[in-house]
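Noted in TrEMBL for the protein shown:
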COILED    759-786  coiled coil
DOMAIN    194-212  domain 'NF-X1-type'
DOMAIN    247-275  domain 'NF-X1-type'
DOMAIN    301-329  domain 'NF-X1-type'
DOMAIN    355-374  domain 'NF-X1-type'
DOMAIN    407-426  domain 'NF-X1-type'
DOMAIN    434-453  domain 'NF-X1-type'
DOMAIN    490-508  domain 'NF-X1-type'
DOMAIN    593-622  domain 'NF-X1-type'
DOMAIN    632-650  domain 'NF-X1-type'
DOMAIN    700-721  domain 'NF-X1-type'
TRANSMEM  816-836  transmembrane segment
Amino acid sequence: MEKFNKAQAKNLAAAQKLVETYASSSEDEGELDEKQILDQLYKHYQPSDGSSKDAARTATFLENTLHSGAATCLICIGSIRRVEAIWSCESCYCFFHLNCIQRWANDSMMQMKVKAAEQQNGQGHYNHLGEFVPPKRQKSLHWCCPQCRRDYLPADKPTQYNCFCGKEANPQAQPFLVPHSCGEICGKLLQPKCGHDCKLLCHPGPCPPCAQQANVSCLCGKSPPRSMRCIDKQWRCQQPCKELLACGKHKCKQECHRPGQCPPCNSKSLQPCECQRESKMVNCSDRKWKCQNVCGTPFACGLHICEKVCHAGPCSGGECPFQVRSCPCGKNTQVGPCSEAEETCGDTCQKLLSCGQHTCTQRCHRGPCISCPVRTKKKCRCGLHEKELPCSKEFACETKCKQMRDCGKHACNRKCCGDQCPPCEKICGKQLSCNKHKCQSVCHNGPCYPCKLESQINCRCGKTKRSVPCGRERSARIVCLELCRISAKCHHAIKHRCHKGECPPCGQVCGLPNDTSGCGHICKSRCHEAIRVNKPSETRPQAKKYEYKSQPHPRCDEGVVVTCIGGHEVATWPCWNSRPSSCQRKCARQLKCGNHKCSLVCHSVANPKDMQQQLGCAPCEEGCTVPRPAGCTHSCPKGCHPPPCMPCNFVMKNKCHCGLNQLVYKCSEYYDENGTVQEIIDRREKLRSCGNRCLKNYPCTHRCTAICHSGKCPNPELCRKKVRIFCNCKRLKQEIACDKHRAGQTSLACDSHCKAEISRAQAAEQQDLEEKKRREEERNRLELEKFEAKFGKRKHKERKTVDMGPPKSEINWQKISIYAVSLLTVLGAIAVAFYADS
């Protein structure tokens with residue numbers, strides 16, 4: 001029992017939690033500005049005074065769309081959110097989730113395919129007697145709307161989410177538009193067809209009546225035209241027609257109507273019947289009427305009378321119609337006195353009997369024929385049994401049909417059915433999706449249609465009511481515009497709308513003095529006077545119960561101005577933490593060195609307003625930070641101090657400009673910046689010069705005459721050194737100044753002696769060349785003789801040649817034998833021919 005109680009408590013807790021947390025998917029959707037949306041929707045539509053009744057159906061669909069949670073999918077019995085894909089029926093305009101209607105269409109068509117496959121793929125079959133039974137006629141593949149049962153073809157199955165007018169696919173939800181619409185003008189042709197289209201923005205439900213104005217006349221055309229709505233252009237002028245009726249005596253008294261459509265005349269007058277025996281008041285349009293009296297006029301025979309009911313004119317021309325008679329079988333016809341009875345012809349009757357197969361075998365007789373006496377073997381309707389019976393009787397066996405009816409669930413069970421089983425008439429009885437009612441439709445294939453019943457739900461105050469589909473009573477949302485009447489649990493007066501369940505928590509500011517910190521500030525936190533908390537249960541620890549308790553004020557967050565301990569800033573701190581503390585910034589008080597500030601984090605000092613070094617500040621431990629003269633790379637030997645620094649006495653050693661001597665001077669002397677720029681350059685040039693003559697050469701290759709210097713040698717054009725020049729043969733020579741040599745005087749002209757010397761030298765040179773050539777030839781001749789003497793010509797033995805003489809011919813005996821045989825054959829043939837002729 002204890003386990004049962006624990007399980008029960010656990011289930012109750014789960015159910016309670018589900019009830020509290022379960023809500024329609026539209027609960028998290030905010031309310032829309034209905035007035036703004038409707039104004040935007042009807043801005044192109046100008047309804048007249050009588051259009052409110054005509055547009056009521058459209059207004060209903062708009063309400064279901066705008067109100068959050070008002071639209072319900074009849075397939076899944078769930079609310080349709082504004083951001084969910086839907087499909088709308090073209091006939092009843094009912095909304096469904098897109099995935100629900102796709103699944104519904106697929107299931108319906110699959111059931112039809114399975115049923116067709118079970119019927120042997122739509123082919124006929126042969127029964128046990130060998131008779132062919134044609135197949136049952138199958139319905140074309142289709143699916144229907146769950147609400148109005150309108151049939152749709154498989155190609156009409158929705159594949160994408162479209163707006164109501166069908167112009168835009170996957171419309172985005174906008175807070176200023178009707179949900180599931182594109183915001184464009186609908187543009188559908190209005191019904192009934194008048195040639196105009198809908199001027200509303202894309203909307204659910206049917207289009208409202210046409211609001212276009214037109215000048216039209218009344219139905220009778222007697223009144224002047226009026227400006228009327230297109231839907232009301234067939235109007236009546238309320239005046240009588242006054243056209244002459246068909247009776248030719250009275251005029252039409254009915255109000256305005258179309259010409260030629262006057263009703264029959266209803267004026268009363270005394271009119272005789274056709275036989276002129278009776279008279280009565282009848283309508284003018286019913287002047288010809290018949291009484292119920294038989295005519296009774298005797299014919300010429302004097303034996304028979306007219307048996308017609310009240311008629312006009314003579315009775316059958318005055319002659320008795322019974323004079324023309326025939327025998328009972330109808331084969332012989334004769335004219336005779338009507339006083340004599342007709343005679344039989346004596347022939348066989350041969351009238352078709354009631355069985356429809358045999359004829360009467362009696363002689364011509366009066367009265368009806370007898371029943372068919374022929375006995376035949378008859379089969380029952382189902383074809384299972386055979387029996388000999390009179391032809392006029394029908395044979396039905398007692399065997400029950402076991403074929404399945406069209407529902408595919410129940411057997412026929414009708415006696416002697418005969419392959420024509422009636423449709424199933426049983427009630428489906430399946431549980432519907434609402435889980436309350438059972439399907440009352442005739443037994444069928446496929447899923448059951450949604451429950452058509454509706455339930456009425458009320459708001460908590462009972463002033464607002466709403467009808468919802470059966471099964472949606474718990475999850476459906478009802479919007480009540482009345483204020484909630486439940487008294488608040490806190491000291492605030494919370495005005496909110498009527499709702500289900502507990503009132504929402506108070507969202508106002510507490511407003512009471514904060515007694516937790518004792519500061520006296522007003523508590524600005526969210527109201528905490530009635531907070532929902534779990535209530536522990538000793539008997540049922542798993543069962544969750546709740547209670548409302550008042551929570552203490554939270555710590556005070558009121559801003560209080562506080563100065564940091566170092567006096568750097570004034571900040572606003574929460575009241576609960578409003579005590580002086582370090583602001584975590586640098587102290588930044590000027591140290592005695594004058595160059596740096598205190599690098600410690602904000603600390604306590606004696607005078608926070610004094611920004612000079614005080615007790616507690618860290619002393620400066622940096623080196624000198626005064627910038628050194630330009631070029632000086634040596635640091636100041638003193639610690640951090642105010643400028644200026646002492647002159648740098650560091651001894652520098654560098655080579656002079658010419659690079660031969662090493663010079664020694666102080667850094668402060670070289671990088672002294674006193675004086676003009678030219679003076680500083682001249683001073684540094686002098687310190688780097690050794691005082692000796694420059695070792696560099698001018699471009700003319702003579703040595704520079706200046707003292708040791710930097711850069712290029714100055715004034716190379718002033719060089720006057722002596723330069724020696726010669727003639728072409730080098731016999732004459734002369735010394736000239738360097739400037740003349742640079743000016744272009746680089747050689748002397750040869751005289752006559754020079755030319756003679758040149759000719760003599762050329763002749764001697766030619767003689768030397770010839771002598772050298774002769775010696776070369778002599779040397780080559782001697783070397784050739786030595787080579788031939790050492791490597792002379794070799795001696796070879798002469799080869800002996802033998803003369804073979806002319807070639808000997810050989811006798812070809814094979815060819816000779818072939819020729820001999822051919823010759824003998826020819827001679828033999830000639831001989832045979834000769835003897836044959838003789």
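Placed from the backbone N, Cα and C atoms, the Cβ positions cover glycine too.
Note: TrEMBL annotation is automatic and uncurated.
Note: the domain 'NF-X1-type' (301-329) comprises 6 helix, 5 strand, 18 coil (DSSP; helix = H, G, I, strand = E, B). For the domain 'NF-X1-type' (700-721), the list of distant contacts is 656-658, 685, 688-694, 737-739, 741-742: same-chain residues at least six beyond its ends, Cβ to Cβ under 8 Å. Comparison of 247-275, 593-622, 632-650 by number of C-beta pairs under 8 angstroms to the domain 'NF-X1-type' (301-329) places 247-275 first. Each residue of the domain 'NF-X1-type' (407-426) gets a DSSP state, and the totals for helix, strand and coil are 0 helix, 2 strand, 18 coil. Tertiary neighbourhood of the domain 'NF-X1-type' (490-508): same-chain residues 20, 459-461, 463-464, 478-484, 526-527, 529-532, selected by CB-CB distance under 8 Å and a gap of 6+ residues from either end. Sequence-distant residue pairs (6 or more apart) of the domain 'NF-X1-type' (593-622) and the domain 'NF-X1-type' (632-650) include at least 3 whose Cβ atoms are under 8 Å, placing the two stretches in contact. Across the domain 'NF-X1-type' (355-374), mean pLDDT in this model comes to 84. Secondary structure of the domain 'NF-X1-type' (355-374) per DSSP, as helix, strand and coil residue counts: 0 helix, 2 strand, 18 coil.
Within the domain 'NF-X1-type' (490-508), the DSSP-based counts of helix, strand and coil residues read 0 helix, 1 strand, 18 coil.
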